[in-house]
Amino acid sequence: MGSASSAYRVIYLDVDGRIQKVVFSRFCSPYDIKELFCTALGLPRNTTLSLLDSTGAMVSIDPTMPHNTERAFKINELKTEVTNRLAMLEKRVELEGMKVVEIEKCRSDIKKLREEMASRNNRLVTCHFLDDNKKLTPRRDVPSYPKYHLSQETVEALRQPTFDVWQWEPNEMLSCLEHMYHDLDLVKDFNMNPITLKRWLLCIHDNYRMNPFHNFRHCFCVTQMMYSMICLCSLQETFTQVDILILMTAAVCHDLDHPGYNNMYQINARTELAVRYNDISPLENHHCAIAFQIFSQPDCNIFSTFDPEAFKQIRQGIITLILATDMARHGEILDSFKHKVDSFDFTDEEHVTCLKMVLIKCCDISNEVRPMEVAEPWADCLLEEYFMQSDREKAEGLPVAPFMDREKVTKPTAQIGFIKFVLIPMFETVMKLFPQIEDVMVQPLRESRDRYEELKQIDDAMNETKLLTDWPDGQSKSFYQGMSTCTADYFSEQYLDFLLRCFF
């Protein structure tokens with residue numbers, strides 16, 4: 001028990017029932033005080049001491065330290081707490097050990113299931129189109145991604161072209177896709193099994209490769225933009241539900257198993273895909289084939305409730321839209337739509353099919369519609385994939401497109417021509433039919449074009465300055481003028497046909 005005056009501090013010690021009074025200066029060091037206690041108690045000077053008050057709390061022997069609270073340093077409580085935590089940790093170790101056993105059992109069950117499915121030859125399909133003998137995902141008894149309850153804010157944002165697709169993990173994107181099918185009443189109207197929808201989406205995810213650009217996030221991005229256009233343009237009021245189902249499903253499947261090398265590479269390298277499909281849209285044909293191999297698995301067939309004739313219609317509709325994403329056909333498809341748009345007839349099947357083809361094309365290349373902070377990383381990803389291809393083409397002695405060569409292209413030069421001659425004309429044509437897209441889709445494209453043109457002007461000015469600094473007079477001027485002429489040719493409409501045949 002302690003008391004204090006201005007210059008001294010007094011502590012009364014209970015030693016074997018006898019109260020000993022110890023007085024020391026407030027300016028004594030803790031070491032001196034410890035020696036004083038040892039002397040008072042008749043103990044050796046190097047004895048370790050713990051001083052407790054009447055409640056069992058430890059008392060500091062350093063006069064400069066504040067008093068401890070009642071709860072601090074209660075040894076019994078600390079011992080109990082440590083014991084409890086040790087018991088809890090031992091339990092966790094035990095549970096983790098059980099999990100390991102369960103995981104091994106699960107792996108064994110999966111192996112047996114795969115062997116059984118392979119023996120029946122109707123559950124597991126092996127794809128031999130590409131070098132890696134990729135396998136489609138087999139049935140999973142329990143879908144492995146959790147069901148996320150989307151907030152109202154997320155539900156509303158999901159309907160907008162401004163949706164930030166970079167914020168979401170794969171499991172969350174799967175749940176968002178699942179929500180779209182439910183929100184559009186496709187699950188209810190076509191009596192889809194919700195578990196089959198989950199398994200199908202899992203299989204879709206597993207059959208997109210980890211490319212810089214053509215990956216599952218791109219699939220989600222395109223499908224979310226399609227969902228956004230369906231909502232924004234009120235397409236459910238003018239299209240049948242079968243049309244909506246075809247639009248959404250084609251968007252989900254449109255780049256399945258994309259190898260990261262475009263059609264131009266496939267054809268020039270004479271790959272198995274190019275040979276199989278006679279150089280005619282080899283990638284898009286492959287995406288269709290993988291999509292319907294997945295649908296051929298009963299556990300992934302979201303169309304199981306359709307009769308054969310209805311399924312045939314849906315199959316043809318999905319194939320038509322996926323094949324339309326080949327940019328080599330861009331001019332043909334857009335010209336056809338331009339001839340129809342001024343007198344468009346929603347009861348004319350040919351008109352509706354043409355519109356659906358244009359819609360999936362818009363969604364497939366819609367990144368620049370999104371806010372700059374969402375769109376710009378996609379441009380970086382696309383350039384990265386292009387540079388990987390051009391590096392491989394150089395190594396294999398194949399032709400290299402100039403806009404894919406890391407030594408010749410910059411982000412502004414890659415984007416300006418595409419926005420100016422491909423995106424804006426196509427979206428402005430769609431705007432004639434749906435004026436409501438101007439503010440949220442067309443205007444952002446114009447702003448993106450202007451921003452990249454400003455960046456190009458800055459790059460040109462810096463290059464001119466560098467050339468004037470590094471080159472002798474006259475040579476630099478003529479060289480720079482030559483570069484400017486090449487740049488103008490790069491953006492000319494005559495160059496567009498070659499651009500589109502190589503771009504995707």
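Placed from the backbone N, Cα and C atoms, the Cβ positions cover glycine too.
Annotated features, as they stand in TrEMBL:
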{"type": "DOMAIN", "residues": "138-459", "note": "domain 'PDEase'"}
{"type": "BINDING", "residues": "HIS214, ASN215, PHE216, ARG217, HIS218, ASP255, ASP364, GLN415", "note": "AMP binding site"}
{"type": "ACT_SITE", "residues": "HIS214", "note": "active site, proton donor"}
{"type": "BINDING", "residues": "HIS218, HIS254, ASP255, ASP364", "note": "Zn(2+) 1 binding site"}
{"type": "BINDING", "residues": "ASP255", "note": "Zn(2+) 2 binding site"}
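Positions of the features from TrEMBL, shown on the structure.
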{"residue": "HIS214", "record": "AMP binding site", "contacts (Cβ under 8 Å, 6+ apart)": "TYR208, ASP255, HIS258, GLY260, GLU385"}
{"residue": "ASN215", "record": "AMP binding site", "contacts (Cβ under 8 Å, 6+ apart)": "TYR208, ARG209, HIS258"}
{"residue": "PHE216", "record": "AMP binding site", "contacts (Cβ under 8 Å, 6+ apart)": "PRO170, MET173, ILE204, HIS205, TYR208"}
{"residue": "ARG217", "record": "AMP binding site", "contacts (Cβ under 8 Å, 6+ apart)": "VAL165, TRP166, MET173"}
{"residue": "HIS218", "record": "AMP binding site", "contacts (Cβ under 8 Å, 6+ apart)": "TYR208, ASP255"}
{"residue": "HIS254", "record": "Zn(2+) 1 binding site", "contacts (Cβ under 8 Å, 6+ apart)": "CYS219, VAL222, HIS287, LEU321, ILE322, THR325, ILE360, ASP364"}
{"residue": "GLN415", "record": "AMP binding site", "contacts (Cβ under 8 Å, 6+ apart)": "GLU368, ALA379, SER448, TYR452"}
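Annotation for the binding-site residues ASP255, ASP364: lowest Cβ count within 10 Å of the residue's own Cβ, ASP364. Computed over the domain 'PDEase' (138-459), the whole-number mean pLDDT of the model equals 95.
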